[in-house]
Amino acid sequence: MVKLTLIARVTDGLPLAEGLDDGRDIRDAEFYKQQVKALFKNLSRGQHEASRMSVESGPYVFHYIIEGRVCYLTMCDRAYPKKLAFQYLEDLKNEFERVNGSLIETAARPYAFIKFDTFIQKTKKLYQDTHTQRNIAKLNDELYEVHQIMTRNVQEVLGVGEQLDQVSQMSSRLSSESRMYADKAKDLNRQALIRKWAPVAIVLGVVFLLFWVKSKLW
């Protein structure tokens with residue numbers, strides 16, 4: 001069965017719409033929603049190998065498609081047909097683009113298209129029962145193939161983002177340390193110059209003072 005449905009802008013991970021009653025029958029629903037947010041974060045950094053992918057997480061699978069800078073994602077039971085999951089997402093995509101396509105780029109707040117939930121709920125009901133004549137026909141539709149859509153594990157996918165975060169943090173730390181060492185090097189050079197020329201300056205100062213005193217006495 002379809003468990004969660006979320007739509008987000010890929011460029012910055014901003015959530016645009018969500019199935020409002022999703023997750024009520026899911027144990028640890030908040031945990032999986034956090035995974036969805038992490039997936040969107042990865043996508044916003046360009047960490048997606050394909051425009052269509054399935055990501056396994058425990059007893060569920062996240063399926064998503066990316067079209068026009070928007071990610072349409074659903075979480076289903078592992079037993080739910082992959083073909084129906086992606087056809088469900090295609091239906092959402094087509095309607096969302098038709099209704100909100102011109103407004104996606106200018107959306108400035110999370111869930112700006114929350115009213116799209118009405119269409120999400122209506123469409124989800126059509127896909128819940130895999131044994132209806134409608135869905136059996138979709139499963140038998142040879143023109144819509146999903147065999148080549150990649151399937152990966154959620155830890156593997158999110159691990160890429162975590163590694164990038166670690167690299168970014170390490171780079172920032174090295175940059176900060178480099179600036180600190182550069183400042184210390186400047187201070188050491190300044191101190192070395194002072195030690196080198198201070199005696200000379202003192203001698204010159206004494207000589208100048210003697211000449212000045214001598215000129216006053218004469």
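Placement of Cβ uses the backbone N, Cα and C atoms for every residue, glycine included.
Bear in mind that TrEMBL entries carry predicted annotations, made automatically and left uncurated.
Some features that TrEMBL has for this protein:
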type	residues	note
DOMAIN	6-120	domain 'Longin'
DOMAIN	135-195	domain 'V-SNARE coiled-coil homology'
TRANSMEM	193-213	transmembrane segment
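The helix, strand and coil residue counts that DSSP assigns across the domain 'Longin' (6-120) are 45 helix, 30 strand, 40 coil. In the predicted model, the domain 'V-SNARE coiled-coil homology' (135-195) shows an average pLDDT of 68.
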